[in-house]
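Chemist: OK, TrEMBL features for this one:
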- 1-23: signal peptide (SIGNAL)
- ASN90, ARG91, HIS192, ALA193, TYR194, ASP258: beta-D-galactose binding site (BINDING)
- HIS192: active site, proton donor (ACT_SITE)
- GLU323: active site, proton acceptor (ACT_SITE)
Amino acid sequence: MASISVFVCFITLVFCFATGSVAKKEEGRIYELRKGDFSAKFTKWGASIVSVVLPDKHGKLADVVLGYDSAKEYKNDTTNFGAIVGRVANRIGGAQFTLNGTHYKLVANDGKNTLHGGPKGFGKVAWRVSKYKKGGHSPYIMFSYHSLDGEEGFPGDLIATVTYMLVGDYQLIVTMKAKALNKATPVNLAQHAYWNLGGHTSGDILSNEIQIFGSHITPVDKELIPTGKIVSVKGTPYDFLKPCTIGSNINKLPSGFDINYVLDDIAPNKVGLAAMVHHKKSGRMLELYTNAPGLQFYTANSLKDVKGKGGFVYQAHAALCLETQGFPDSVNHPNFPSQIVTPGKSYHHSMLFKFSIGA
């Protein structure tokens, strides 16, 4: 009997060691999608975009997303490079809200406010790879995450998924879905990639030309919490209704752009054009389409001495973020579009990044 017990213990130890090694290997894995000379890489940490590679007008390939070399670095990341942020992206004032008569106190991580779901928001956890097809006509990968009732203070269990798919010529589709299982809850997922169409090592994005199809913004207070107003961009540095360089207006602001635009061409169940970016030197252009009502335009103001891929050090304005979303702090502003998802109902947020190469 003693020998049998020893044998069982030995087998158990071997099994635990083997499964632990597999789990550790999966944690460090980078997943690639490839379609011709267009490719993208991902990690399960935050379901993050690690790279997007495409040619310039001379056929030279470059990675146009800021990030890190290894999956481990995403585990400890503080910038949200390429991550899916949530359960509620952006800020919630006072880290609290009331829903159906119940007051919920969240975990604050941005002064007294909650940012991107809290210190252990969706961008800080390991997602599960549900489906993966590396190549073919429409390669894709799906990540899923089960957020528990009470996680970071939010009510109810929530199943979230994000699917990345390469289609057509240089097109990346991002589909974010979520389902509330047992309680009504706010849901606002956003893709937080840092884009630099000149390539992630090309320096700042101030010469990039941008057009944003939003004639209004939701102004914020000194803590970047919306005031509840919706105001026109006319006559302000935020007016990108006509294409112009980012650098032409950025010096009119204290540190750069970090504001939510109210998109003009968006309606329920409709995908519209949110923004266009053009990098003249490389010829690369990006068109962004979405079904979300808002767009957070952020010029990486807080980056400072961040060591990224290949040892390159990123500084402020090394990239731009185009985060389509529900309006920030919507749970505390009844005049903003609701982000509440009830059991039996689904959340669906789509983005299409359409790249092209001009002369």
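A Cβ is built for glycine as well, from the same backbone N, Cα and C atoms used for every other residue.
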Chemist: For a quick check of understanding: given the listed beta-D-galactose-binding residues ASN90, ARG91, HIS192, ALA193, TYR194, ASP258, what is the maximum Cα-Cα distance in angstrom, as an integer?
Modeler: 19
Chemist: If you count, for each of the recorded positions ASP258, GLU323, the other Cβ atoms lying within 10 Å of its Cβ, which residue has the minimum?
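Modeler: Per-residue Cβ counts within 10 Å for the recorded positions ASP258, GLU323 bottom out at ASP258.
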Chemist: Under 8 Å between C-beta atoms and at least six apart in sequence, can you list the same-chain neighbours of HIS192 (beta-D-galactose binding site), or say none if there are none?
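Modeler: Within the chain, HIS192 (beta-D-galactose binding site) has Cβ neighbours under 8 Å at ASN80, PHE81, GLY82, ALA83, ILE84, VAL85, ALA89, HIS116, GLY123, CYS321, GLU323.
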Chemist: Who sits close to ALA193 (beta-D-galactose binding site): which same-chain residues at least 6 apart have their Cβ under 8 Å from its Cβ?
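Modeler: Residues satisfying the criterion: ILE49, VAL52, VAL65, PHE81, GLY82, CYS321.
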Chemist: Can you give me the same-chain residues 6 or more apart in sequence from TYR194 (beta-D-galactose binding site) with a CB-CB distance under 8 Å?
Modeler: VAL65, LEU66, GLY67, THR79, PHE81, GLY82, ALA300, ALA318, ALA319, LEU320, CYS321
Chemist: Including all protein chains shown, what's the count of other C-beta atoms within 10 A of the C-beta of ARG91 (beta-D-galactose binding site)?
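Modeler: There are 21 such Cβ atoms around ARG91 (beta-D-galactose binding site).
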Chemist: Test of understanding: give the count of other CB atoms lying within 10 angstroms of the CB of ASN90 (beta-D-galactose binding site).
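Modeler: Excluding its own Cβ, the number within 10 Å is 28.
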